[in-house]
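Trainee: One structure, pasted below without further comment.
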Amino acid sequence: MGRSRSSSSSSGTSNRWRYFNPAYYLKRPKRMALLFMVFVCATLVVWDRHTLVHDHQEKVSKLKEEIIHLKNLLEELKNGNAVQSEKFNFDHKSSGARSGNDAANDPVATQRRERVKDAMIHAWSSYEKYAWGHDELQPQTKNGVDSFGGLGATLIDSLDTLYIMGLDEQFQRAKEWVANSLDFNKNYDASVFETTIRVVGGLLSAYDLSGDKVFLEKAQDIADRLLPAWDTPSGIPYNVINLAHGNPHNPGWTGGDSILADSGTEQLEFIALSQRTGNPKYQKKVENVILVLNRTFPADGLLPIYINPQRGTSSYSTITFGAMGDSFYEYLLKVWIQGNRTASVKHYREMWETSMKGLSSLVKRTTPSSFAYICEKMGNSLTDKMDELACFAPGMLALGSSGYASDESQKFLSLAEELAWTCYNFYQLTPTKLAGENYFFNAGQDMSVGTSWNILRPETVESLFYLWRLTGNKTYQEWGWNIFEAFEKNSRTESGYVGLKDVNSGVKDNMMQSFFLAETLKYLYLLFSPSSVISLDEWVFNTEAHPIKIKTRHDAVVKSSGGDGLHKPDRRSRARKEGRFGDH
């Protein structure tokens with residue numbers, strides 16, 4: 001009995017184990033196929049379950065992060081830090097790359113971005129080593145100079161570039177200098193324009209990016225020292241003021257007049273300062289300038305470069321989109337963008353569109369190559385000359401083109417692309433592949449260099465940046481890269497970067513302009529970064545390339561002090577310094 005039972009159990013066990021013997025299935029292919037199908041289905045079920053669990057965990061983790069973030073924002077709002085809570089929109093420690101965006105997965109763009117970052121590290125390290133706290137570095141002699149009264153212009157100009165590139169240690173050292181060493185109480189006659197775009201703009205941008213209030217406090221300090229410049233009979237500001245004692249005035253070489261760009265290129269910064277401090281006095285002063293000019297705004301929207309600060313009217317002088325005229329027109333567009341295109345800033349857009357019709361009337365084309373260029377005008381006479389400074393215009397036109405109806409939009413975008421091609425050729429047609437300061441155009445000769453120095457200017461790469469962002473055309477990245485390589489070849493030294501005394505011979509000068517770090521390298525870096533890095537939907541650049549947060553405006557239009565308020569124009573205007581400042 002026991003054996004029989006034992007024999008039966010052994011036989012059953014043997015029969016069960018046969019299903020684990022591969023030979024069993026080799027003799028029965030249908031069962032092998034069925035087993036394979038069962039295995040695949042089971043694997044898919046297990047894998048799908050694992051994926052769902054993983055995705056669920058990720059979503060829960062992200063939701064927890066969002067809850068923590070929202071709690072922090074709520075806490076800041078309760079503490080009255082609404083502006084501070086608007087944090088930067090990308091992880092700067094990853095050099096601005098975001099997966100799934102235009103340049104994020106482009107290995108060439110990534111490599112080029114890192115090369116530009118290396119250039120910034122070289123320029124900044126040289127400044128730190130030889131010119132710390134001074135306005136600008138002289139690389140050849142390895143010393144610092146105070147071109148702007150000792151306000152640390154290069155340091156302040158570089159704050160946002162350091163932040164955007166993720167150079168955290170360098171940014172922190174610069175912030176400590178601002179907090180502990182930056183002193184504006186200087187017996188120095190400062191350019192209101194230069195101080196505004198570099199110092200006020202640089203500090204406000206650092207504040208908007210980092211949320212650190214030390215930058216806002218310093219911006220308010222220097223702005224308060226500049227504010228008496230607007231105390232004129234017309235409200236058009238004087239362009240020079242002593243930082244310690246006040247005493248605003250205009251430079252003698254203007255004949256007592258104020259300069260158009262110097263008077264119309266403080267709006268972005270002072271409006272932003274009023275928004276962030278809650279004090280309207282800054283905004284009121286600078287907006288009054290636009291309203292005064294708008295009272296007698298010409299039908300073509302083109303203003304001469306000199307304005308009488310007593311009467312608020314233009315003096316007979318050159319009309320140009322180059323030096324001393326340029327950024328006035330730039331800010332008409334950008335204040336409209338800064339206010340998020342609402343009715344409160346509509347008059348800026350209307351004035352800008354009027355001026356763009358005027359710009360179109362100044363456009364001519366060369367023979368034989370049909371390069372488009374923007375003439376200068378005096379009275380009824382046109383001069384076939386264009387500054388490299390005017391190469392900001394293609395970017396401005398591209399940026400403003402989206403505000404037009406379809407046909408007009410395409411017309412201005414096409415003009416922007418034509419002008420950008422001309423500006424790129426300013427570089428390509430010289431032996432060093434770097435542009436001269438200005439160009440002349442003669443029939444049958446296309447273009448020739450006028451003033452032949454190059455001081456590391458940013459305007460052309462600025463326009464390439466905008467055109468690439470707005471069209472997605474990688475040609476603009478290639479052009480920008482060629483310009484960067486020309487800077488590397490001709491301007492890089494062991495102690496920083498220098499300009500050229502002559503773009504034909506390549507002889508070097510001895511100055512690393514602060515705007516090379518603030519603008520040229522920043523725009524080149526952004527040219528090879530994803531569009532989410534300083535998104536044009538959230539930020540607007542001042543004329544020194546300092547990004548400022550866009551804030552929707554619904555305030556009433558300020559009435560001008562000298563007239564009946566806003567004049568509606570007929571719906572049918574960046575200057576830099578001259579001489580030793582090199583950027584007007």
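FYI, residue positions are counted from 1 along the chain as it appears here.
Here the Cβ of each residue, glycine as well, is placed from N, Cα and C on the backbone.
Sharing the record's features from TrEMBL:
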- E194: active site, proton donor (ACT_SITE)
- D326: active site (ACT_SITE)
- E437: active site, proton donor (ACT_SITE)
- E459: active site (ACT_SITE)
- T543: Ca(2+) binding site (BINDING)
- 53-80: coiled coil (COILED)
- C391-C423: disulfide bond (DISULFID)
- 556-584: region 'Disordered' (REGION)
Trainee: Report, in whole Å, the straight Cα-to-Cα distance of C391 (disulfide bond) from E194 (active site, proton donor).
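Mentor: Taking the Cα atoms only, E194 (active site, proton donor) lies 19 Å from C391 (disulfide bond).
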Trainee: Write down the Cα-Cα distance for E437 (active site, proton donor) and E459 (active site), rounded and given in Å.
Mentor: 11
Trainee: Where's the emptiest Cβ shell within 10 Å among the active-site residues E194, D326, E437, E459?
Mentor: E437
Trainee: Taking Cα atoms as reference points, which of the recorded positions D326, C391, C423 is nearest to the residue listed as 'Ca(2+) binding site'?
Mentor: D326
Trainee: Nearest to D326 (active site) in three-dimensional space, by Cα, is which of the recorded positions C391, C423, E437?
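Mentor: That would be C391, the closest of C391, C423, E437 to D326 (active site).
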Trainee: Sequence gap of 6 or more, C-beta under 8 Å: which same-chain residues meet both conditions with respect to C391 (disulfide bond)?
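Mentor: In sequence order, the residues whose Cβ lies under 8 Å from that of C391 (disulfide bond) (at least 6 apart) are L419, A420, C423, F426, A435, E459, T460, E462, S463.
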